[in-house]
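Quick look at what TrEMBL annotates:
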ACT_SITE  159  active site, proton donor
BINDING   288, 298, 332, 352  CTP binding site
DOMAIN    8-157  domain 'Flavoprotein'
DOMAIN    188-401  domain 'DNA/pantothenate metabolism flavoprotein C-terminal'
REGION    1-191  region 'Phosphopantothenoylcysteine decarboxylase'
REGION    192-409  region 'Phosphopantothenate--cysteine ligase'
Ligand code: CTP
């Protein structure tokens, strides 16, 4: 997902791990997102990768033991002053343990000790080194100090062992950094539920009735909420491999499964968070009808004949089922009727007793699954045209309007 980090400056620290080469991809992701990137390398990191690579990628001189200068800002005191976040990726076990004890015996650790703004650490080391009790204690202590840790992953390590210790994917480090940069007090740790995708209603065990909803708007909303710092729970019928891995997800198929999962998630969130408002963004395209008696196994066409009449019955309305629980609810309404679409969308507020509606006028069935969307945010008193933008950018706008709505409620 294309996150915008323009106007942000990132200090990327690289230590001596075999995964140092992955920091090049990470720097590239930051730059593609519009950020400025400054790199500091420890002498051990320089044994794995050249400073020139980072210089070419970032267009900034890399701070190393040899490049430090007191005639410019390329020194361990000044380089951090203009940066919004310090990302240490990869961070070796040795560096992690030293940081925890305030040791500054190389240019990178000196810079880090002098740095006062948010710090994010992405460890990478052999399993025994990362799971050594000293390293685990250091990571716990650093986390307790408010430093963000992007946990290493288990896989085949460069040393040949299989186990925990590989650097998290560069996408995860990127998302975690963007979260540090974009999170906001209002959303931080707030419980939020997002539903998405079109439900699948079984005709038999191999066939279903569904709709064209792609689930992309819900994925974008869940990502925007994650970046704002919220505790998001995404309940969807669709793939969500383009969102941060740490987002809590539940996969569902039918309207009935979606209803059960939404009620359970809401009850849990409301229980966990009594002091603050919980939000529900109901972007799922819930089937209004489901086959009344889905068949077992695979129905053979010889047993059906040339026409197949399937008796359908109406599904429960999920929004109506949850509208007394006490959360702030935003519904979604896709319409094809240019004349009555807006008033149909607005009437949802009263009909389903919800707080706001995201209204989207569709041109035709190819309007589904696109990267961009157009949304009007409707409340009881007004409607705001959020314009046409990427689903992620629109999600940020929806969050801003939802926040205003909740505060004024
Ligand atoms: N919704 C729901 N439960 C249903 C059907 C829809 O909670 N059984 C929610 C959707 O997730 C969405 C909103 O209601 O947030 C859409 O409202 P609705 O008027 O039902 O829209 P459509 O189902 O598109 O209505 P219609 O098919 O009549 O146009």
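Cβ coordinates are placed from backbone N, Cα and C, and glycine is handled just like the others.
All annotation found in TrEMBL is predicted automatically rather than curated by experts.
Feature annotations (TrEMBL) mapped to structure.
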residue: 159; record: active site, proton donor; Cβ neighbours (10 Å): 13
residue: 288; record: CTP binding site; Cβ neighbours (10 Å): 13
residue: 298; record: CTP binding site; Cβ neighbours (10 Å): 10
residue: 332; record: CTP binding site; Cβ neighbours (10 Å): 24
residue: 352; record: CTP binding site; Cβ neighbours (10 Å): 18
Residue 332 (CTP binding site) - helix vs strand vs coil (DSSP): strand
Residue 159 (active site, proton donor) versus residue 288 (CTP binding site) - Cα distance in angstrom: 54
Listed recorded positions adjacent to ligand 1, that is, members of 159, 288, 298, 332 whose C-beta is under 6 A away: 288, 332
Euclidean distance between Cα atoms of residue 159 (active site, proton donor) and residue 298 (CTP binding site), Å: 49
PLDDT averaged over every residue in the region 'Phosphopantothenate--cysteine ligase' (192-409): 95
Helix, strand or coil at the residue listed as 'active site, proton donor' [DSSP, three-state]: coil
Between residue 352 (CTP binding site) and the residue listed as 'active site, proton donor', the C-alpha gap once rounded to whole angstrom: 58
Euclidean distance between Cα atoms of residue 332 (CTP binding site) and residue 159 (active site, proton donor), Å: 50
